[in-house]
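Before any comments, here is the structure.
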Amino acid sequence: MKRAPVLMAMTCGVIAAAANGAPASAGVLDQVKQRGELICGSNPGLAGFGVPDDKGKWTGFDVDYCRAISAAIFGDPDKVKYVPLTAKDRFTALQTGEIDVLVRNTTWTMTGDTAVGASFTSINFYDQQAFMVRARLGVKSALELNGAEICVQRGTTNELNLADFFRAHKMDYKPVAFGSAAETVRAYDAHRCDVFTSDSSALYAERLRMTNPAENIVLPERISREPFAAAVRKGDGQWFDVVRWVGFGLVAAEEAGITKANVEEKRASDNPELRRMLGVDGKLGSGIGLPNEWLVNIVRAVGNYGEIYERNLGENSRLKIPRGQNNLWNKGGLMYAPPIR
Amino acid sequence: MKAGKPVRTYGQGRGPAIAWWGNPAARALIWQALLAIAVISLFVWAGRNVVTNLRASHITWGFGFLAEPASFDITGSLIPFRAGDSYGRALMAGFGNTLTASLTAIVIATALGFVVGVARLSNNALVARSASAYVEVLRNTPLLLQLLVWYNVVLKALPGPRQSIALPGGLLLNNRGLYGPWPVESPGWNAVGAGLLTALGLCIGLAAWSARRRREGKAALTLWAIAPAVLICLPLAAAWLTAGSLVGALPVTWPELRGFNVGGGVTLLPEFVALVLGLSLYTSAFIAEIVRSGVQAVPKGQREAGRALGLGEGPILRLIVIPQALRLIIPPLTGQYLNLTKNSSLAVAIGYPDLVSIGAGPVLQNTGQALEVISLIMLIYLGLSLLTALLMNWWNARMALAER
């Protein structure tokens, strides 16, 4: 009976594991450090936010947030594994621990914080839901959409806002809902629907993929607030703080005028605020389990918030979305970081 | 144990005593017990993990969410659903759609499969080769790909709503669907429904009676003439009696262009058409092979015996070959029906609101109850599959060779 010892060992192993009970729960930050890699849930392909290029290298606004977290932990922005997730699968992937952090143009809602078991950290983009139609239709306002068939992605806040909007205005519509953004756009482009609805940033990005981008217009109405935020699994305060302060750090760096180009120079400054932020004085970084020069590493790798924005979404990109609400608070926008001290 | 009592040994007085661990029966029992413990421990361990992880992410387990109102809409479900209805009803609507699509596809796939399967056995080379090509192409490409192709064909080939193709019988066809007239709820139509049900019951009863007469050697009824007459006349008579006259008793809405789209009447969504088309063509290829092998497995001698008795080719097929082939066809056919039902969950790729698309989509997303929703979906599919298997087994038992 050669198999007997093996079988017995296996049995013992299983019993031991069962007796041991719940898995050892080290913090996510420790797990990431041990693994030597951050696992980031990302969009499977949304121009400006997260797309892999033909060499498999990921770029985009959300991707740069993942790279910033990686830079803060490892001093290297490229220690990230991207897991492309549809809107339908994203929270399940976060709940089950398949990903460490979800940076995927995901709207912060109360349900997200309570029922779904996610914790949203800090807002990285303020968006609003809008409608796109073909100009030929002659529609000038969303209030003229009674009876329209509308393409929308399943399992998004867009699907819910759409129902709310038409209910509130006592209008009728037919939703045609698809599992992924790509299928939704394709169906609208094939004239399956009269209207395509999504967050306005996504409408501008997806329009680039359509057969004839110029024939589609975005209606003026904005029917919801869609604050995009990075989310982590609930229950790990330290990891929550790391992700949240990477976001704040990017905004604070822009406000303090720290850029990719001048970060070394600013480090040598004798301004006490800059010295604190850049880890020359104090131990703010090690306070949340990061190297003291965390913000230096971030800005050196990806730049500050404004640089990330311009590169991926703003004037230097194909999307050319004006800063608007996403400007700094002292420039007429909503971006505001608590003091780093 | 008190001292002085005799120690019990195995195999007393018949050769040397064997220790208990040397006894094969006892050893087998121990191994089984260990395996059982291992399996149970595995489940306990997984269960504890689930509880710990749920608690850590502050998710409460429970099915209370099913009664809560949902704030999304579903188009084209058999069970109507509007924002404000409960999540439970949303799942029901999805389930209704899965059932409708699967049943329609099963009927079409079976009919197509029988035709193609018999065609493969044809003596005409063109027919046989075409049937082979049909089977090989459909059987050897992924179903998901076929569904996407059909969906895009349906969308691309048809015009927009303002250029709808008008078909005979008041039907309109465009890339938003196939539109047809539909009855408006009225006493007349209710009477027709009741009449139709009664007529169906009557027909089944007549068929049973006729079959008994045949067994007893008496003349059977000419059912093919009686059944249609009963099915048509009874509902109409019921409507006439209820409403007093047939004119205006059966109101109908006709599809017409209203604003953006065609309104009124009933709609067959392009998603539904593409799904049913894809599922039935794919499965029909497998059914064709099952039918071919079933027919070929009937020994040649059976046909020859039929000819020797002076039967024509038609009766030979109907009375000798098919009853014997069915015995071989039904069990694998059950497997294909189960596959088709489960494959219908690919609907999510082409935007048809089936059970998985609704359940794993908005219901799961907006409640966060992943475990509950997924296990519910699994239970529903399991129940559906077991029911199908039960029905097919019953049919199989009826068809099986009755040995006397």
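A Cβ is built for glycine as well, from the same backbone N, Cα and C atoms used for every other residue.
What TrEMBL records for B:95-392 is domain 'ABC transmembrane type-1'.
Annotation source TrEMBL lists transmembrane segment at B:29-47 (among others). Beyond the transmembrane segment (B:29-47), the same-chain residues lying 6 or more positions past its ends with a Cβ under 8 Å from any Cβ of the stretch are 21.
According to TrEMBL, the feature transmembrane segment maps to B:99-121 (among others).
Under the heading transmembrane segment, TrEMBL lists B:188-209 (among others).
What TrEMBL lists as transmembrane segment is B:221-252 (among others).
Listed as Cβ neighbours of the transmembrane segment (B:373-395) (distance under 8 Å, sequence separation of 6 or more from its ends, same chain) are residues 63, 91, 95, 98-99, 330-331, 333-334, 337-338, 341-342, 345, 355-356, 359-360, 363-364, 367. The transmembrane segment annotation in TrEMBL covers B:373-395 (among others).
Non-local neighbours of the transmembrane segment (B:188-209) in the same chain are 221, 223, 226-227, 230-231, 234-239, 241-243, 249-251; each lies 6+ residues outside the stretch with a CB under 8 Å from one of its CB atoms.
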